[in-house]
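Following: one structure in structure tokens, then a few remarks.
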Amino acid sequence: MVDSPTAFVQKYYIQWIVATLLLSLYMCLFYGLYVPNWEFQSPSLTLSTNGPHTQIVHCGVRGSLEPPCNAVGYIDGYFLGEQHLYRHPVYRRTKDCSVNSPDFGPLPPHSPEWCLAPFDPEGILSSLMAVLTCIVGLHFGHILLHHKCQMHRVVLWSMSSFALLFSGFVLQLLGIPFSKPLYTLSYMCITAGASGLFLTIIFYIVDVKHFRKPVVLLHWMGMNALIIYALAACDIFPAAVQGFYWRSPENNLVDGLESLLQSVLHSSKWGTLVFVLLEILFWCLVGGFLHMKGIYIKL
């Protein structure tokens, strides 16, 4: 029985011990592991060079958060091997590595050698923080399980969310950057806290105040979340649509609509934002159509 805060802690203290051990392991490796000089096979970008050639990245540091010399990339390269890492990492969009920054583009003159190096944002070390995120989500689920009063859930979720958000911003001020590719502790705290806060707000609107109509689109999407995730987030459906084009691959419906919105709004950023919002609306309506037909795809 969990009928008090003490009983709640006693029931689940083991999972927080595991979380602490995972966090300690991550931080020790992240800041304490020595990253030596390393090399990789770089693809040829000029006609004068035939085939891939070896590039050497000079590191010899500890605790670096820069793209070439962080412990996250070094551990993945050491254990997984260069051939199993992602070939288009996010740092290919930085000013050092792209003339079209913040988008992908050709390498600028005198770009550093690591611009062509592989890097996996979902590798071994970052997976430890992903597990920690899951444990935080488990905590929210335990509150839902053991507290039957709706307002108690709202209060406890709010406290947990604000504590995570506060911790994330404090960690950022202390020098731990908000970085998704490295899956830093500040990133985990802020994203988990923001997710918990949005969960609390939606729960309060729908389950406490019973205002269901404002979120009916999200309701439809949630009932077929698996198939929508597979088709949309995994780019299966957009890739299939992009396969049909007029004369050149760039002249397809997906890229054409995004370009049209960017032209109408005279802004690539606002045009892309509106395109993404329309895409979300489209999949909500797809979820609604499946719901009306009584089709629910799940495991």
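In case you wondered, yes, glycine gets a Cβ from its N, Cα and C as well.
Caution: TrEMBL annotation is automatic and unverified by curators.
Through the fold, the transmembrane segment (12-34) approaches residues 60-63, 70-72, 74-75, 125, 128-129, 131-132, 135, 138-139, 142, 182, 184-185 of its own chain, all at least 6 residues removed from its boundaries and within a Cβ separation under 8 Å. Positions annotated as transmembrane segment by TrEMBL: 12-34 (among others).
Long-range neighbours of the transmembrane segment (124-145) within the same chain, counting only residues 6 or more positions beyond its ends whose Cβ lies under 8 Å from a Cβ of the stretch, are 8, 12, 15-16, 18-19, 22-23, 25-26, 29-30, 71-72, 75-76, 79-80, 153, 156-157, 160, 164, 181-185, 187-188, 191-192, 195-196, 199. Residues or ranges marked as transmembrane segment in TrEMBL: 124-145 (among others).
Listed by sequence, the residues of this chain that lie at least six past the ends of the transmembrane segment (154-176) yet keep a Cβ under 8 A from its Cβ atoms are 136, 139-140, 143, 147, 184-190, 192-194, 196-197, 199-200, 203-204, 208. Feature annotation from TrEMBL assigns transmembrane segment to 154-176 (among others).
What TrEMBL records for 182-206 (among others) is transmembrane segment.
If one looks beyond the transmembrane segment (226-246) by at least 6 residues along the same chain, the residues whose Cβ comes under 8 Å of a Cβ in the stretch are 252-255, 279, 283, 286-287, 290, 297-299. For 226-246 (among others), the entry in TrEMBL reads transmembrane segment.
Marked as transmembrane segment by TrEMBL: 270-290 (among others).
Through the fold, the transmembrane segment (270-290) approaches residues 216-218, 220-224, 227-228, 231-232, 257-259, 261-264, 296-297 of its own chain, all at least 6 residues removed from its boundaries and within a Cβ separation under 8 Å.
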